[in-house]
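Reviewing the structure listed below.
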Amino acid sequence: MDDDKVNNNNNNNKRTHNLRFRRRIPKKTIRYVEIPFYQGSLIQYNRQLQKQQSISLEKSLDHNHEDIDTENDQGIELSDFETKLKEEEDEKEIVIIKEGQEEENIGKIPSPSPSSSPQIKLKSFKEKCIEKLNFISGINELYNIGLYRAAITEMVGTALFMFMSIAIFTSSINYFNFSYISNLDDFTLQQLSNSVPNYKVPILSGLLHIPLLFLLILACAPVSGGHLNPSITLATFFAGYTSFIRCIIYMIAQIVGGVIGSAIIKGILPNDVMSRGNLGMCSFGQSITPSGALGLEYMLSLFNLYVSFGTALDPRQTPFLGPITGSFFISGMLCLSIIASGGIAPNYIFGFNIARCLSPAIVLSKFENIWPYMVGPIMACLTIGVYIHCVPPFKSFNCSECSSERKKIKN
């Protein structure tokens, strides 16, 4: 009986000792110092490193506790006085470790140990400049086959766009200006120098360009981004979205595709039908001056580019609009521009697309008064590039956030 009582007392002592030994482990809390907000990425890295170190420390303590438990299970008995001393010594070691870490962290970023994790290598100013120049020039893209696939996609898409666009303009002019039903009474009105063509021509042309451009953008966007317009490509280069090499190759492919589409439809149309619309070549007639045409092209091109960069090309709008809505907005802007410019001057045809105006001129060898359709969109591209650099879409300018960050730095 006495032996049983002794064994029971020993077992109870072991259980109470294990419970005390397991309950005594305090929760480890590490206080972090506020660092200026422009070093946020490095701070996150060091915080993760400290978390890993604290986890490894707790695992080592748990491993020591398990060793002590196994020793107790093997029959090694410890008195209450000895266990209390060990508990106090362990707690003092933990407190010393915590206080040392906090004192080291005050006023500086903790440096990671080279053995535990790789060091962060900060780039020098020279390396940053070289990296930026490589991105702007795009020399590395010359060896990327994806660039040439995208250029072929742009060429085919622009050829199809030119073919269908010239077909739309030619058919609209034939329907409303040269059909017997539409011109039974006032056919002589077209012979006047200041007469405006039938209002149905620009309206129908603009409305039919909505599904045309919308579907072609969706078809080309997965491969090349669906520019289909040298003005869009040039604007993305000035804004810093496209490299110089990609911009040049895209523009060459778009102009070549426009010439191919214009040449194909010229070979299809009869000469008398082709002479009525001149393949939809951009022109502004005699009632408006070249400087007036330049101003009109600049403002309409700037309108199209501004809305394009604010909707389809803005990364903040992507989760809300998506590719379909952005493509529809671009097509709708082209429709508005065609309708608005069609009644300003007789026989005025809206440009904006450099390939759209240059390709028929190359095929027909007519380059009179085409310079406003080249200079106007280029000026608009420069303007939108300066605007994007002044108001970049990748940064937010919230004064409340700035003031809160300044208060944290001061404190």
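Please read every residue number as a count from 1 along the shown chain.
Cβ atoms are placed via backbone N, Cα and C, with glycine included.
TrEMBL entries are annotated by machine, without manual review.
As written in TrEMBL, here are the features:
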type	residues	note
TRANSMEM	159-181	transmembrane segment
TRANSMEM	201-223	transmembrane segment
TRANSMEM	244-268	transmembrane segment
TRANSMEM	288-307	transmembrane segment
TRANSMEM	328-350	transmembrane segment
TRANSMEM	370-388	transmembrane segment
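Within the same chain, the transmembrane segment (244-268) packs against the transmembrane segment (159-181): three or more Cβ pairs sit under 8 Å, each pair at least 6 residues apart. Counting Cβ pairs closer than 8 Å and at least 6 residues apart in sequence, the transmembrane segment (328-350) and the transmembrane segment (370-388) reach fewer than three and form no contact.
For the transmembrane segment (159-181), the list of distant contacts is 190, 197-198, 200-201, 204-205, 208-209, 212-213, 216, 228, 257-258, 260-262, 264-265, 269, 273-274, 276-277, 279-280, 349, 355-356, 359-360: same-chain residues at least six beyond its ends, Cβ to Cβ under 8 Å. Remote same-chain residues near the transmembrane segment (288-307) are listed as 231-232, 235, 329-330, 333-334, 337, 340-341, 344-345, 348, 350-352, 369, 371-373, 375-377, 379-381, 383-384, 387 (criterion: CB distance under 8 Å, separation of at least six residues from the stretch ends).
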